[in-house]
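**Student:** A single structure is presented below for examination.
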Amino acid sequence: TERCAPAAPWGCSKRPVLLPACPAVPPCPAAMAPMGIRLSPLGMAVFCLLGLGVLYHLYSGFLQLTSGDLLSNRRMFYLLKGAFPAVQINSEERVDTADQETVSWDRSIPEDIKQKIQPKEVPAESVTVWIDPLDATQEYTENLRQYVTTMVCVAVNGKPVIGVIHKPFSAYTAWAMVDGGSNVKARSSYNEKNPRIIVSRSHAGKVEQVAKQTFGNKTVIIPAGGAGYKVLSLLDVAEKNQEEADVYIHVTYIKKWDICAGNAVLRALGGHMTTLTGEEISYTGSDGNEGGLIASINMNHKALIEKLPDLEKTSHK
């Protein structure tokens with residue numbers, strides 16, 4: 001079915017989009033959904049991922065590239081690629097196209113998502129999907145499961161639009177869509193004077209020295225694993241093992257599949273994720289971000305950047 005893509009605030013054009021044909025059996029989610037979902041096939045596919053169960057087989061292991069990583073990645077990749085063959089999908093793990101997997105799911109759409117998503121349709125060539133099948137892989141091998149997430153992000157014209165962050169070991173999922181809806185929100189207050197800053201476990205000391213010089217000795221540094229976990233720490237998340245922070249800082253090179261979903265969630269809620277110099281991160285082109293990052297919500301993001309200028313020097317690969 002060919003339809004015209006209506007203009008949307010996040011940069012859609014009015015070029016026609018070729019939507020994939022839906023199978024007659026089992027019933028297609030587009031046929032089951034109200035008009036708002038039927039006109040949002042990309043969002044629908046991503047959110048169907050929530051009920052897919054691709055995280056059933058997260059096996060323990062000692063290699064950096066775990067079997068759980070690969071299995072999760074393959075299922076997520078083929079779910080989306082099967083529905084949208086023309087869409088660019090970037091993933092942390094390489095997918096062998098000779099090893100195709102047929103992925104099935106119940107094709108239902110959660111009711112809360114049906115009620116919140118507004119119709120948005122975009123040309124396939126403007127879309128990039130970023131998959132991180134197992135964020136915090138190092139922590140996973142150390143059995144620090146509270147840090148582990150699986151993430152999917154949809155970027156349109158380089159801007160993050162849909163973000164899904166799933167914690168497989170507690171079954172908690174946060175999702176948000178820019179100018180659409182979400183199931184998560186910002187906290188009621190943040191400490192700008194002496195912020196709690198969450199950083200990677202591997203370079204906590206480097207950030208702590210600069211942060212305390214900037215904000216004072218009362219500044220708390222929270223070492224943590226996983227970019228998804230760190231973004232959730234900025235939000236109102238009812239999770240027993242989820243720490244709370246006011247600012248997320250990363251001072252070294254980082255892959256875009258690690259940060260796209262969190263960036264989309266923050267954007268949808270009015271927050272910010274930029275490089276350490278305040279530049280927006282584009283989710284097209286290369287798969288790496290060399291400018292480090294700083295993320296915040298309901299704070300003066302520009303003022304934070306101006307206080308931490310020296311960190312950018314260490315952010316390149």
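Even glycines carry a Cβ here, placed using N, Cα and C.
Predicted automatically and left uncurated, TrEMBL annotations should be read as such.
Copying in the features that TrEMBL gives for the protein in this structure:
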BINDING   E92, D132, L134, D135, D258  Mg(2+) binding site
TRANSMEM  42-59  transmembrane segment
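Could you place these features in context, so I can see how deep they sit and what lies close by?
**Tutor:** In the three-state DSSP classification, E92 (Mg(2+) binding site) falls within coil.
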**Student:** Using a 10 Å radius around each Cβ and all protein chains in view, which of these binding-site residues has the most neighbours: E92, D132, D135, D258?
**Tutor:** D132
**Student:** Would you list the other residues of this chain near Mg(2+) - those whose C-beta lies within 8 angstroms of the C-beta centroid of E92, D132, L134, D135, D258 - in sequence order?
**Tutor:** I131, P133, A136, T137, T149, T150, M151, G226, A227, G228, K255, W257
**Student:** Count the Cβ atoms, other than its own, that fall within 10 Å of the Cβ of L134 (Mg(2+) binding site), considering every protein chain shown.
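**Tutor:** Taking all protein chains shown, L134 (Mg(2+) binding site) has 24 Cβ neighbours within 10 Å.
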